[in-house]
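Written below as structure tokens is the structure these notes are about.
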Amino acid sequence: METQGRVVPKQDSWERFYAQIGSCDLYREEAMIDALLADLNKLEIKHTAIMEGGTQVKLILTFDNDKQAVFKPMRFGRDYETDPNHFYFGDFERHTAEIATFHLDRILGYRRAVPTVGRVVNMTSELMENAERRLRKTFFVSPAKNRCFVSKCDYYCDTTHAICGAPELKEGSVQVFLPDDTSVPRRHNKSPYRRTYSKKTQLAAWQQDMRYCQWKVKGMKQYAHGRRLLDLVDLHLMDYLIGNQDRHHYETFSVFGNDIPSYAIHLDNGRSFGRTDFDDDDILMPFRQCCLIRPRTLNTFFSFYNSPKGLSETLHESLSKDPVFPVLAFKHYAALERRLHKIMIYLLECMDKQNGDLNQMVVDEFHNPTVAEPLPGEEMETEEDETNNDAPAAPPADQPQQQGVGAVTAEAKQQHADMNGMANSRNRLQCWHRGK
């Protein structure tokens, strides 16, 4: 990001982080990020406030350097799993999910997740005594003599779901604030693969029709040209690995202008790492339906898939540097490897659809020749676009209906549940990678 001639204070890791934000990723310099994480974990807290607009408890921490971060308190232990009867939109957020997703995003080379670190705070001296009045009023001492608070939010902000220390200390995640939206504006984009968020109508159109990308998404002006469709695929590949079903919007920087498209920021990952016994293959629909992937993403995934030191071991090693390690229960690492294997299975399926010709599948940008390219400086629609992605796509009448995950066959379920084919899949991918 251009600093327009202004001096960037060397001593302030926030300003150094802001200065590195670019049109391709949030950061490049690893040492700078490590210094920022150390500051987020150690700097003195001088003020705490309720974060507005959140569905669950989040606090704004202001440090003694006047910079800010988001604090998400711990609710459950590492072994807790999401209740299978809970809807994705009612699930509790997990502080460890934000930490683990940042590390996974980093080792995959995306560098689009916001820096996040674990921290243990004192409920009285750091939070309550520095709290704004309306937050301080929600603090109390529980019957077990633990310091607690309720805060204010849409879900789970009541005495029954209070955040309590043990008795004074509370673990949580601390995530750096992005630059102020007034100085570095961002766009809020509705995802064409958002879910219905309805208890009655549970399946969206894209979950019922495997043609959805071809007949709908690839024809949308926002996704018909450039990087955005590949960004969406990257985002959903990440979401699949972490088990995040709650991706209804994504944000992009608009500070670079309309002629320099920005990436999708990997924000709001608190509902990830909820279940280890379930892989929601619907999350992969942008990849499975569009059959597009970036060369760098493909090589990264294949390298981890084919390496003696796999993705889970690399993530565990990275997370071991966090102050609240162990961040994840070990059962999550097995789920991560299983999901990576399934991604490679779906990669082979896409290769078969292309008859082995990867020129149309492995690309840095997508271009639909049937849709006019945007004019220079033309602004693409964002959240104001009222296109209804829950309405069925409209392919030609002579096209046969394809079956989506909403009505997946027993044979397909067995195919993906049976891991005996892993060796054959790995050998086939190795042959392809050596010959590419």
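Note: Cβ is positioned from N, Cα and C throughout, glycine not excepted.
Any TrEMBL annotation is an automated prediction that lacks curation.
As given in TrEMBL:
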- Gln56, Lys72, Glu93, Gln175, Val176, Phe177, Leu178, Glu251, Asp268: ATP binding site (BINDING)
- Glu93, Asp268: Mn(2+) binding site (BINDING)
- 139-355: domain 'FAM20 C-terminal' (DOMAIN)
- Asp246: active site (ACT_SITE)
- 370-436: region 'Disordered' (REGION)
- 376-388: compositional bias 'Acidic residues' (COMPBIAS)
Three-class DSSP secondary structure - Val176 (ATP binding site): strand
Sparsest Cβ surroundings (other CB atoms within 10 Å) among the binding-site residues Val176, Leu178: Leu178
Mapped DSSP class for Gln56 (ATP binding site), helix or strand or coil: coil
Secondary-structure category, per DSSP, in which Asp246 (active site) falls: coil
Maximum Cα-Cα separation (Å), residues Gln56, Lys72, Glu93, Gln175, Val176, Phe177, Leu178, Glu251, Asp268 listed as binding ATP: 20
Cα distance (Å, whole number) from Asp246 (active site) to Asp268 (ATP binding site): 9
Residue among the recorded positions Glu93, Asp246, Asp268 whose Cβ has the most other Cβ atoms within 10 Å: Glu93
Rounded mean pLDDT for the residues that make up the domain 'FAM20 C-terminal' (139-355): 94
